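Under the heading NAD(+) binding site, Swiss-Prot lists 78-91, 285-297. According to Swiss-Prot, the substrate binding site annotation covers ARG99, ARG109, ARG138, ASP227, on the basis of sequence analysis. The site 'Important for catalysis' annotation in Swiss-Prot covers TYR145, LYS195 and is backed by sequence analysis. Per Swiss-Prot, the feature Mg(2+) binding site maps to ASP227, ASP251, ASP255.
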Amino acid sequence: MSNNYHIAVLPGDGIGPEVMAQAYKILDAIRKRFNICITTSEYDVGGIAIDRHGCSLPAKTVAGCEQADAILFGSVGGPKWEHLPPAEQPERGALLPLRKHFKLFSNLRPARLYAGLEVFCPLRNDIAAKGFDILCVRELTGGIYFGQPKGREGQGKYERAFDTEVYHRFEIERIARIAFESARKRSNKVTSIDKANVLQSSVLWREVVTEIAKAYPDVEINHMYIDNATMQLIKDPSQFDVMLCSNIFGDILSDECAMITGSMGMLPSASLNEKGFGLYEPAGGSAPDIAGKGIANPIAQILSAALLLRYSLGHNDAANAIEQAVNYALEQGYRTTDLAGNGKAISTDEMGSTIARYIAEGV
């Protein structure tokens, strides 16, 4: 395993730069503790890139990302750029082209309820008390969002609209492998979500996932219909480890998983291609209303750095160290404003420094 890596850092807009500053602290602590050589280069993206370069994804940014082992992404967008045509706005003009350029076909969204944060979980107390730690693995480039034909035709009462759910065998195979490999780093359980009692695309999905599962005899596999899965997530989320989903089902379930954790400020996200190259970002937005106030929760950005170390750089030990430090900081009662309730809140900068210190101390 190489110990020399280069990361393209794209802080973006809103709270992006201030939470990214905390991720830098974490990477520095990881360098020192694990003797890993990690270098970084920073590039403009989103609204700030529009202001400086005239577009949300400059060619220099793309070229810099091509030279890196992974991308650590902040957040983009804000009211300042909402007057632009939709295709030119930061969100659509930056993230979607990056995903397409680097062929990022899989999205990984962890959702964990940390001890001490049960009060923020909207589920019943006895359910929240059990906790949960779920990884939603979503296929990003196939399915009904991209299938052809799609469109509208006709007039009057005969006007109709249509979309087409299409999945190729190779698309299902590669996302299934991501799910099973991820399960091996966790609790060795995959729940594949489909609607095989109605949809032909789901029949193929279930067949292919069942075939791929044979190569992972150490991983438990079970299948669940999407309607039942949405119910089971509310009834008992602790039953899930890795949830394997098509594009549209993953879109729905990953947001449901996010909501039951109680705070978007805790949720990282990873988008990967077949070579392990990935873009890592917080699941929340740029939060321009709190930008510059020093109150943003940096944990999602910090945990995104942990995912980067695990999935693109192959350093699961370093990723675990970050996650353990985050958990310990929360156990010790450290909270940013979004999680403080009636208690005392610490700043964005203080939270980053606290977690970095715990990494250095090896908690």
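Glycine is treated like the rest: Cβ placed from N, Cα and C.
Of all Cβ atoms in the protein chains displayed, 17 besides its own lie within 10 Å of the Cβ of ASP251 (Mg(2+) binding site). Nearest in space to LYS195 (site 'Important for catalysis'), taking C-alpha to C-alpha distance over the binding-site residues PRO86, PRO90, ARG109, ALA291, ILE295, is ARG109.
For the recorded positions listed here (ARG99, ARG109, ARG138, LYS195), the lowest count of other CB atoms within 10 A around the CB belongs to ARG99. Once the Cα atoms of ARG99, ARG109, ARG138, ASP227, the listed binders of substrate, are compared pairwise, the greatest separation found is 29 Å.
Here the C-alpha separation of ARG138 (substrate binding site) and ASP251 (Mg(2+) binding site) works out to 7 Å. Ranking the binding-site residues ARG99, ARG109, ASP227, ASP251, ASP255 by the distance of their Cα atoms from the Cα of GLU82 (NAD(+) binding site) places ARG99 first. In this structure the C-alpha atoms belonging to PRO86 (NAD(+) binding site) and TYR145 (site 'Important for catalysis') are separated by 18 Å.
The binding-site residues in question are GLY78, PRO86, PRO90, and the one with the fewest Cβ neighbours inside 10 Å is PRO86.
Recorded residues PRO90 (NAD(+) binding site) and ARG99 (substrate binding site) have their alpha carbons 14 Å apart, per Cα-Cα distance.
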